[in-house]
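Feature annotations, reproduced from TrEMBL:
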ACT_SITE  11  active site
DOMAIN    66-143  domain 'GHMP kinase N-terminal'
BINDING   94, 95, 96, 97, 98, 99, 100, 101, 102, 103, 104  ATP binding site
ACT_SITE  136  active site
DOMAIN    205-269  domain 'GHMP kinase C-terminal'
Ligand SMILES: C[C@@](CO)(OP(=O)(O)O)[C@H](O)COP(=O)(O)OP(=O)(O)OC[C@H]1O[C@@H](n2ccc(N)nc2=O)[C@H](O)[C@@H]1O
Ligand SMILES: Nc1ncnc2c1ncn2[C@@H]1O[C@H](COP(=O)(O)OP(=O)(O)O)[C@@H](O)[C@H]1O
């Protein structure tokens with residue numbers, strides 16, 4: 001029996017605007033991270049020594065490159081903690097899908113080991129640590145559906161309408177670095193503001209107006225499978241790319257509607273249905289076993 005079991009939820013980028021590029025090559029974004037109630041699962045077991053080992057199941061990644069291992073190692077280095085752990089990954093999320101599987105695994109590792117090793121880092125400190133592993137890690141550490149700026153790490157929690165998302169998983173992996181490095185990417189969207197939305201639900205009407213993903217035209221032109229998935233889903237509802245892809249999604253009022261459309265997808269296509277949530281399932285689970293420290 002593991003000492004701790006935690007989910008690592010997926011995210012969608014309900015929209016993604018690219019405002020420009022920084023000198024270090026990173027892009028300035030405005031995006032809305034919607035957390036989902038579906039994801040990977042991580043089991044943690046404490047070790048008597050300081051060794052970190054990861055059983056990544058079918059995921060074929062060298063240990064030193066696995067974001068789970070890297071997160072655990074970083075936490076050890078940052079805190080001087082001498083604890084060790086055996087971590088088992090149950091992978092449900094597709095790789096290179098733009099739904100943040102690797103980043104969420106890293107965040108769940110930081111949250112879980114901070115608890116098990118009793119490091120007592122605050123969420124702010126863990127988010128800063130997570131930023132070293134990837135621009136998407138902080139939102140999973142903070143664990144709230146959020147409006148994001150900067151390179152994706154300046155986060156403001158927002159409340160979204162509860163929707164059920166049908167996410168299609170095209171049969172290709174998209175490299176985030178390759179998309180952001182492509183000279184054809186559009187990088188000049190005008191900034192928008194969330195100020196007028198304070199104290200209001202971020203409703204579908206608002207999202208319709210601002211939805212869209214600046215990576216979508218480029219990714220569709222590079223990956224015909226992404227375009228095919230988007231065109232098919234578009235018959236039923238407005239469909240968008242999440243992150244740099246490859247997944248595309250559309251929102252529905254009920255899980256049954258989303259499931260019934262998924263059932264009509266062409267043979268061999270993969271997809272999933274998940275509900276949007278305001279709080280990360282990892283945080284909910286962690287709160288059930290202890291109190292998360294910090295703001
Ligand atoms: C685009 C987004 C949107 O949510 O999602 P994904 O499609 O990867 O899920 C993210 O910002 C991705 O975050 P993440 O996958 O953690 O990125 P990182 O590992 O930090 O960076 C991968 C590469 O993407 C580029 N990158 C990433 C984020 C950003 N704001 N500007 C960039 O230019 C950098 O060239 C970097 O080398
Ligand atoms: N634990 C992990 N889970 C998934 N991908 C990982 C993990 N550790 C490292 N990676 C690497 O990160 C890459 C992108 O990860 P992933 O989070 O699945 O994509 P995206 O950011 O597009 O959602 C993968 O192709 C893989 O090489």
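Going from the start of the chain as shown, residues are counted 1 onward.
Yeah, the Cβs are placed from backbone N, Cα and C, and that goes for glycine too.
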Consider only the recorded positions 11, 94, 96, 98, 104: which of them have a Cβ under 6 Å from an atom of ligand 2? Write none if no residue does.
96, 98
Restricting to the chain of residue 11 (active site) and a gap of 6 or more, list residues whose Cβ falls under 8 Å of its Cβ, or answer none.
33, 34, 35, 36, 99, 100, 104, 136, 139, 140, 242
Based on DSSP, name the secondary structure state of residue 11 (active site): helix, strand or coil.
strand
I need the most crowded of these binding-site residues: 94, 96, 100. Count other C-beta atoms within 10 angstroms of each C-beta and give me the top one.
100
If I restrict to non-local contacts, at least six residues apart, and a C-beta distance under 8 angstroms, what lies near residue 98 (ATP binding site) in its own chain?
13, 174, 176, 241, 242, 243, 244, 245, 246, 247
Which chain-mates of residue 102 (ATP binding site) that are at least 6 residues away have a CB under 8 A from its CB, listed by sequence?
67, 95, 134
Provide the three-state secondary structure of residue 102 (ATP binding site) computed with DSSP.
helix
Beyond the site residues 94, 95, 96, 97, 98, 99, 100, 101, 102, 103, 104: chain residues whose C-beta lies within 8 Å of the centroid, for ATP:
10, 93, 243
Using a 10 Å cut-off, grab the number of neighbouring Cβ atoms around the Cβ of residue 136 (active site), all chains included.
28
Quick one: which of the recorded positions (94, 98, 104, 136) have their CB closer than 6 Å to ligand 1?
98, 136
With H, G and I counted as helix, E and B as strand and the rest as coil, say where DSSP puts residue 136 (active site).
coil
Other CB atoms, at most 10 A from the CB of residue 104 (ATP binding site):
29
